[in-house]
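Scroll down for the structure; my scribbles are underneath it.
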Amino acid sequence: MYDLHNPEQSHFPPAKRPITEGSSESFKRVKIEHEEPEKTLHSTEHGGPSDAPAADTKQGKRDAAGWAKSRRGKAKDTKNKGRRRGTRDHDKDGQKEGEEQGPRAPRLPKKQSALLIGFCGTGCNGMQIQPDVRTIEGVLFDALVRAGAVSSDNADDPVKVNLGRAARTDAGVHAAGNLVSMKLITAIPGVEDWVARVNEELPPEIRVWGSVRVQNSFNARMSCDSRKYTYFFPSYLLIPPKPGSGFQRAYEQHTQSMQGVVPLDASAHPFWSAPESHSSSSMDDLVRKRMWRISADQVELIRETAKKFEGTHNFHNFTVGREFGDRSNQRHMWKIEISDPAVYGDTEWISVLFHGQSFMLHQRKMMSALVLSCRTGTPGQVIDELYGPRIVMVPKMPALGLLLEYPIFDSYNKKVTSINEKIEPSHPDYRPEIDFEKHRESIDAFKQTFIYDNMRCIEDRDGVFDAWVRSIDTYGGDDLLYLNPKGIIPAAAVIKKGDKRDNPFKEKRKFDLTSFPDKQGIPVIEDDEETESKLNKSRLEDMEG
């Protein structure tokens, strides 16, 4: 037998023994026995034996010749010794995996469940769980762990319980109804009403309306047929730009080169023609704006323009990170409804209900295009122009006014109804319908206290919407020149990828917030240009709802 450490032997492998007929030793065994010294010799030819095992450069479980690899001479793999799949490297007491541990709690059965929730988004960085920031899902998941609906083994990663959501909301955006699905322990020992127990662990601005046992194949986002959002804004946003402002000067200069049009004369508008407006401050203007009431003709104008969103269109200009040719830009809006104006306190408000199959990231750009076109006398044709291949800058409306009403699951409900007709409610395959209307009374009370009252209080205190529209009016560059009497995008307003623009419009980050620490007027937040990170397609899809 060959011995690597015997100096009297040659450091070359011995010749292969011939296999005689009838030998009980297989050729495979001979092949491995003769190749093993070569591996050992190769690992020591650069300076003697090494404590580390030889690196195996072969891929898979067989070598280049097709023979099974041997693990002789390799270090024993103890990486996962004593470890259960899905557990942390350290337990709560800092004990390392693999060390002797006490008895584990008994495993409890989990069921695929849908949680119907509502929340005020103030103080949260959006719906979806993110590291190191407060989010709706993060707060909810922690409450489920504390209540016992999620086991300690799964407490470190929501992916283990298949956490999903029907609609994602941006930072600060509210939801009267949303749905998250995951595998939950619904029979918690010693807990009679586990939903009530979870609500005890949640702050009052986040509520679980109820739980529905769903099919194991249920996917919250893919099973959702459509969503309803409402946007609220003060009607004074429809007052034309202030005469002499940067926007008005750029508008007038651009319209001088356009033939056959009658530009908007803001100075002739009843609000700006009043004598007190000639030398008024922004605060003086805001007081008068809150007392302003729009006409019935203006309400009809915004309703007609909103119809341009209905149907299937390419919404690439109303989101971020999407090229014109991306098929996912095609979205279908079922209906846009605009309510009659209503006065709360001193301010008149208008609500716009969007019912769509799904919505792009930063859907508030749709509201911005609607409001800005109506207040500048731009024809509704500009909305059609924005569906075209040219890229322009469409600002986002403040997050303060956006509310997710609820997601709709008509197709799923029809599916389970057809199954339920053939079985009894006690049958294990019986699945209830997903219905937010069962909780309408609780939802409406929550909306009034935590969303409507909060929204109007912040606007009355800080004038967020007025600050936003003044940021539009002070801009005198080319980016917004598509707001003109013809409703046609001029070349000066087109954004070309990679080209640096002179005087680009700068978004203000403070308008992405719904709560402000400074209670002495407009929030003190550094103005900065909105910089959007480049997100891959799968990440964008996960951020949309």
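From the backbone N, Cα and C atoms, a Cβ is placed for every residue, glycine too.
According to TrEMBL, the active site, nucleophile annotation covers ASP170. As annotated by TrEMBL, substrate binding site applies to TYR229. If you look up TrEMBL, you'll see 26-45, 88-102, 532-545 marked as compositional bias 'Basic and acidic residues'. Taken from TrEMBL, the feature domain 'Pseudouridine synthase I TruA alpha/beta' applies to 306-409. Taken from TrEMBL, the feature region 'Disordered' applies to 1-110, 517-545.
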Worksheet entry | Rounded mean pLDDT for the residues that make up the domain 'Pseudouridine synthase I TruA alpha/beta' (306-409) | 93
Worksheet item: Could you give the Cα-Cα distance between ASP170 (active site, nucleophile) and the residue listed as 'substrate binding site', in whole Å?
Response: 13
Worksheet item: By DSSP, what is the split of the domain 'Pseudouridine synthase I TruA alpha/beta' (306-409) into helix, strand and coil residues?
Response: 31 helix, 33 strand, 40 coil
